[in-house]
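Annotated purine D-ribonucleoside binding site per Swiss-Prot: 5, 180, 181, 182, 204, 205, in sequence order. According to Swiss-Prot, the phosphate binding site annotation covers 21, 25, 44, 88, 89, 90, 91. Annotation comment: Swiss-Prot describes 205 as active site, proton donor, evidence class sequence analysis. The feature site 'Important for catalytic activity' is assigned by Swiss-Prot to 218, with sequence analysis given as support.
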């Protein structure tokens, strides 16, 4: 069955889907990390692929930018294609002073300025948290790989060019590790659908210091994050 935004056939997606924002990043993951990967969807050029990693079937698909786009794809994957787990893999800007460029952050919870989860949760505040099983496996995978991963709260912003930069003072006070644009929505959709979600991020720039990574540095650290995610999928 196809949906308005996904034209894959039934059974095309694995139980677990990696979800970068950029569809070309999804293609990169499929070509460089998955074996025998095949493209399964391409509506609006939002590419999706399925292959295997260490013998286990895994899919990867882009989400686009922001909570609305990510929520559409996550809902359709969970509801129409039998996907059980979505792991977002992406970049973020750091606000905490002790977070460095290229650090890996695992989002235990996701605060947000979006009202999407309030709409979903009948006007109340919803605690948008990762699925514990996925979180535990990712932490263990990072430890086994010798990669230091920071675990904590992240912030999903509705605006990239914020008109209120003073918000970063508040985020730093509350020990928010990084800022991105999708996780809170993904966690809300997973809860609504009774499924599982996790967000693993690489720090691409530091909002407080103005530091930025080069494209080569982003690629290297992004690969570390991907291996954590993939190894967590095949963990028993």
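Glycine too: its Cβ is placed from the backbone N, Cα and C atoms.
Known features from Swiss-Prot, placed on the structure.
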residue	record	contacts (Cβ under 8 Å, 6+ apart)
5	purine D-ribonucleoside binding site	43, 44, 46, 72, 73, 76
21	phosphate binding site	62, 63, 64, 65, 70, 90, 181, 182
25	phosphate binding site	62
88	phosphate binding site	19, 20, 63, 70, 182, 183, 186, 197, 198, 199, 200
89	phosphate binding site	18, 19, 20, 29, 200, 201, 222, 225, 226, 229
91	phosphate binding site	180, 201, 202, 203, 204, 218, 222
205	purine D-ribonucleoside binding site	93, 94, 101, 211, 212, 213
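Residue with the densest Cβ environment among the binding-site residues 180, 182: 182, by other Cβ atoms within 10 Å. Between the farthest pair of Cα atoms in the phosphate binding residues (21, 25, 44, 88, 89, 90, 91), the distance is 22 Å. Of all residue pairs in 5, 180, 181, 182, 204, 205, the annotated binders of purine D-ribonucleoside, the farthest apart have Cα atoms separated by 31 Å.
When Cβ atoms from all protein chains are considered, those within 10 Å of residue 44 (phosphate binding site) total 14, not counting its own.
Of all Cβ atoms in the protein chains displayed, 22 besides its own lie within 10 Å of the Cβ of residue 204 (purine D-ribonucleoside binding site).
Other Cβ atoms within 10 Å of the Cβ of residue 90 (phosphate binding site), summed over all protein chains shown, number 24.
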